[in-house]
Amino acid sequence: MSSHTQSLDPIKIAVTGAAGNISYSLLWRIAAGEVFGPQQPVQLQLLEIEKAQQAARGVEMELLDSAFPLLANVQVTTDPREAFDDVSAAFLVGAQPRTKGMERADLLTANAAIFSEQGAALNEVARRDVRVVVVGNPANTNALIASANAPDIDPRQFTALMRLDHNRTVSQLSSKLQLPVTDFAQIAVWGNHSASQFPDISYATAGDKKVSELVDAQWVEDYLIPTVAKRGAEIIEVRGSSSAASAAAASIDHMRDWVHGVEDAQQWRTAGVYSDGSYGIEEGLFVGFPTRAVAGRWEIVPDLELSPAQQARIQASVDELKAEREMVADLLK
Ligand code: NAX
């Protein structure tokens, strides 16, 4: 077993925003083997802007001090072409986080330039089968920009993190019904990673029961949906800074499921994926869908029946994504 372990070549993994809060949790879990498995050595290629280079070096020092058996090497750079060179996976975390009172539109333009440059660099130097998850907000539109600037990479290799919204939905149901999180299946969050998102429990099950028969429809409408959709703001209010460890945990979940797949077909996940036109959602947008991780790909769960109420909520969030796309139109080739 161990001789086999040692014979695997390291794979290269890029993480941007390496000196930031999310990365401080994320990097340790990648290095511990929680994404690519306990046999797979990794080389971490960390991207940071100039003014955070020293802090990123401190992160590198601590990673090395952790003496992870699977950590083959750590590199820190300011150059996206170096960071993305030959990578199998990229966690695009680095961005300007939203601060109190900042409008979403300001956030969009501040971050759009970063993601167009990084998309172009991925296109130049990353492996063609690279798996990219965009965590930095506005994640869905940043994924769209990165993908549009990487014309030689299949857009299905780009995703936006919506797993945190998914996990928050599961967690709220678990607390409400006093059941373990593992009892729940067929949950999804449609739309944008923003307050317009639609956590949807219409198909959800808890064991052999339908969740919609266990909870009141009014509770879903008045409590569950707004609580999940505004959880990010609530965390900032209560913790004093934005979700970091839970966002890292969701990023780990997302990439691990994408790489290894999820066997149970009832165990849907939420990923912000390239829309193929399913459910009338415009092709080419990056949208939270009910998905399954199958054979190394995200597949959109097909043939769900949508009520007019579901359709209206999904449409509202998709309309917001279209408006965001409009604001960055000059960066989409
Ligand atoms: P931090 O401000 O702690 O860290 C961000 C880091 O990115 C900083 O060290 C900064 O120097 C670096 N950075 C900025 N521009 C860069 C560039 N061009 N290249 C490389 N690095 C760059 O933020 P953190 O709390 O780690 O959050 C990172 C991003 O995740 C934010 O955009 C945040 O809004 C977003 N989030 C997304 C979530 C999701 O579910 N999709 C949830 C959590 C989080 O809010």
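Positions of Cβ are set from backbone N, Cα and C atoms, glycine also.
Around the Cβ of His193 (active site, proton acceptor), 30 further Cβ atoms fall within 10 Å across all displayed protein chains. The active site, proton acceptor feature in TrEMBL is assigned to His193.
Note on Gln118 (NAD(+) binding site): other Cβ atoms within 10 Å of its Cβ, all shown chains, come to 28. Feature annotation from TrEMBL assigns NAD(+) binding site to Gly17, Ala18, Ala19, Gly20, Asn21, Ile22, Ser23, Asn111, Gln118, Val135, Gly136, Asn137.
The substrate binding site annotation in TrEMBL covers Arg98, Arg104, Asn137, Arg168.
Marked as domain 'Lactate/malate dehydrogenase N-terminal' by TrEMBL: 11-154.
The domain 'Lactate/malate dehydrogenase C-terminal' annotation in TrEMBL covers 163-329.
Of all the binding-site residues listed here (Arg104, Arg168), the one with the fewest other CB atoms within 10 A of its own CB is Arg104. Of all Cβ atoms in the protein chains displayed, 22 besides its own lie within 10 Å of the Cβ of Asn137 (substrate binding site). Of the candidate recorded positions, Gly17, Ser23, Gln118, His193, the one lying closest to Asn137 (substrate binding site) when CA atoms are compared is His193. For the NAD(+) site, whose binding residues are given in the record as Gly17, Ala18, Ala19, Gly20, Asn21, Ile22, Ser23, Asn111, Gln118, Val135, Gly136, Asn137, the maximum C-alpha distance rounds to 20 Å. Mean pLDDT for the domain 'Lactate/malate dehydrogenase N-terminal' (11-154) in the predicted structure: 96. Ranking the binding-site residues Gly17, Asn21, Gln118, Gly136 by Cα distance from Arg104 (substrate binding site) puts Gly136 first. In the three-state DSSP classification, Ser23 (NAD(+) binding site) falls within a helix.
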